[in-house]
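Below: one structure, written as C-alpha cells.
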C-alpha cells in the first residue's frame, strides 16, 4: 500500500507532467492553429485599401482601420472563441459538428437513423435532462416537437461545415500568394507577374505533400517558424511605433471607428470586407481543438499570438501615418513598413509562415470531414490516425489531394489577394455566424444558462458578424461567389448522401431476415462450411441484413463462424473503455 507522502509526491509529479504536456501542446499549436491568424498582417491593410478607401493626410482612414482591427481581434477571437466557444467542446473535439453533437445529446433532434435505447449505455452519449430543465426549457421542447426544425438545424450545420471546407481551399492560396507577393518590391513588374504564381503553386504542392506525416510531426516542425514570425512582427511593430508615431495607441479608441465610418460612409462599410481578414483563422482554433486541448490553445493565443498581432497592426499604422504619399494597395502592403535592411530575411520568414498558416485550416478540414462521415453526412473516405496519443490527429489522403488541386486552381485563377480575400472573408463570416447560433443553443440546452443570456450572446456577436458579413457579401461578383459555389456543391453531396444513408437503413430494416431462417436454410441449400471466421458489417443492431441472403444463395460455402458486426456512430467522439464494445452470442 502506498503511503500518503508517496501519493502526494506522485500527484505532484503527475501535475508537473500535465503542465509540461499542456505547454508542449501550446507550443505545437503555434505551428498548426495560429499560422493563419499570425500571417493576417500580410494582407489586411492591402485588401482594405484595395479599392473602396484611400489613405489621406488626416490619417482618419488608417487610424479607423486600426481601431476596427483592434476591437475585432479583441471581441471575436479573444472574448468569443478563447473564453466562450472553446468551452463548448465535445469530449475534446471542436467544430460545428461538435456543437451539433452536444445539442443532439441534450435534446431529441438527431436524424441518425439507427439510434437505439442501448446507445444510452454509453455514458458520454447519455442524454442529460434534469427535471428542472425538462420543465422550464421551452427552447428544448420547441426543438424536439417540430421535425422541420431538426432538418433546418442539420442544414445550418452542413452550411457551416461546407464553408469550413471552402475556407480550406481559399486560405492556403491567399496565405502563400500574399507572402510571395513581397517579391514585387525587389523585382520588375514583368518578372514579378510571371514568378509569383508558379512559386505559389510549388509551395502549395510541398505543403500538401507533408500532410501524411501527421499533425504532431508537422506541428513540431512548423511551431518554431510561427514563433520566429510572431517575434519578428512584434519587433517590427515596436520599432515602427517608436520610430514613426508613438501616439498611434490613441487610435485604439472606438471613437476612431465612428469617425472612419462617418467620413467614408458606404465605401468605409464596403472596406470592412478587407478588415475582417484580421480574424481569419479564428474558427481554426475551435475546429482544431481535437488536435490539442482547450488550455493549450488558450495559453498560446492569450499570451503570445494576440499581443504580437496587436503590435504588428499598430506598427504598420504608425508607419503609414507618417507616409501619406503611399496611396495604392500596392504601396500599402505589409512589406513597405519593413526596413530595407531586413526586408529579405523577413520575406523568407513570411513565406515559411504562410505555409504554416495554411496548416490550421487543413487540419480543421480533416477533423470536420471525419465528424461528418461519422454522422452519415459525407461519403466514406480513408481516415489515417497519425498519433497514438491524441485521438483527433488525423490525415485523409483523398481530401488532402483534392484540397491541393483546388488551392492551385484558385491561385492560378484569381492571381491577386483582393479577389481571394473577398472569397475567404465570406466563408469565414458564414462559419462564425453558424458557430454563434449553435453556441447560443448549447448555452441553453447544455450549460443550462438562462435563455436571456444566450439571446444576449447571439444578439451581440451575431450583430458584429452580420455587419461584416453584409460588407463581404456585397463583393459577390469580385470573388465572394466562389465559397457560395463550393458550399452549394458540397451541401448537395452531403444532403444526398445523408438521404441515401437513411433510405438504405430503412430498406435493410424492413427486409431483414431472422437468424432461424438462416439456420434452417443452410441444410436445404447444402452449403459447405469452411474453417475460419467471417465478418459481415451491417447497420442493423439485430437481425440479418437482406443482402446476406444473396450471399448465401449464390456462394457454395461460407465460414464456419460468422460474426455480424454493427458499427455504431453516435454523436460522441469517444466512449469509455468498458462501454466501447459490446458482444452477443
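Each residue, glycine too, has its Cβ placed from N, Cα and C.
According to TrEMBL, the protein has these features:
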- 25-519: domain 'K+ potassium transporter integral membrane' (DOMAIN)
- 531-577: domain 'K+ potassium transporter C-terminal' (DOMAIN)
- 21-42: transmembrane segment (TRANSMEM)
- 62-83: transmembrane segment (TRANSMEM)
- 151-174: transmembrane segment (TRANSMEM)
- 194-214: transmembrane segment (TRANSMEM)
- 221-242: transmembrane segment (TRANSMEM)
- 268-287: transmembrane segment (TRANSMEM)
- 299-322: transmembrane segment (TRANSMEM)
- 342-369: transmembrane segment (TRANSMEM)
- 390-414: transmembrane segment (TRANSMEM)
- 426-445: transmembrane segment (TRANSMEM)
- 452-474: transmembrane segment (TRANSMEM)
- 480-502: transmembrane segment (TRANSMEM)
Surrounding residues of the transmembrane segment (268-287) on its own chain - C-beta under 8 Å, 6+ positions past either end: 33-38, 40-41, 43-50, 52-53, 64-65, 68-69, 72-73, 76-77, 80-82, 85-86, 94-95, 98, 164, 167, 171, 260-261, 297, 301, 309, 313, 357, 360-361, 363-365, 367-368, 421-422, 424-425, 428-429, 431-432, 435, 467-468, 470-472, 474-475, 480
Contact ranking winner - 21-42, 62-83, 151-174, 221-242, 390-414 against the transmembrane segment (452-474), Cβ under 8 Å: 62-83
Highest-contact recorded stretch vs the transmembrane segment (480-502), from 151-174, 194-214, 221-242, 426-445, CB pairs under 8 Å: 151-174
Contact check, the transmembrane segment (342-369) vs the transmembrane segment (194-214), 3+ Cβ pairs under 8 Å, seq sep 6+: yes
Listed stretch, out of 21-42, 62-83, 151-174, 221-242, 426-445, that has the most CB pairs under 8 angstroms to the transmembrane segment (194-214): 151-174
The transmembrane segment (151-174) touching the transmembrane segment (221-242) per 3+ Cβ pairs under 8 Å rule: no
Region pair the transmembrane segment (62-83) / the transmembrane segment (299-322), three or more CB pairs under 8 Å: yes
Whole-number mean of pLDDT values that fall within the domain 'K+ potassium transporter C-terminal' (531-577): 73
Contact ranking winner - 151-174, 299-322, 426-445 against the transmembrane segment (390-414), Cβ under 8 Å: 151-174
Within-chain partners of the transmembrane segment (21-42) [C-beta distance under 8 Å, separation at least 6 from its ends]: 77, 171, 175, 178-179, 215-216, 218-227, 229-230, 233, 277-282, 284-285, 288, 291-293, 295-297, 299-301, 304-305, 308-309, 312-313, 316, 333-334, 350, 353-361, 363
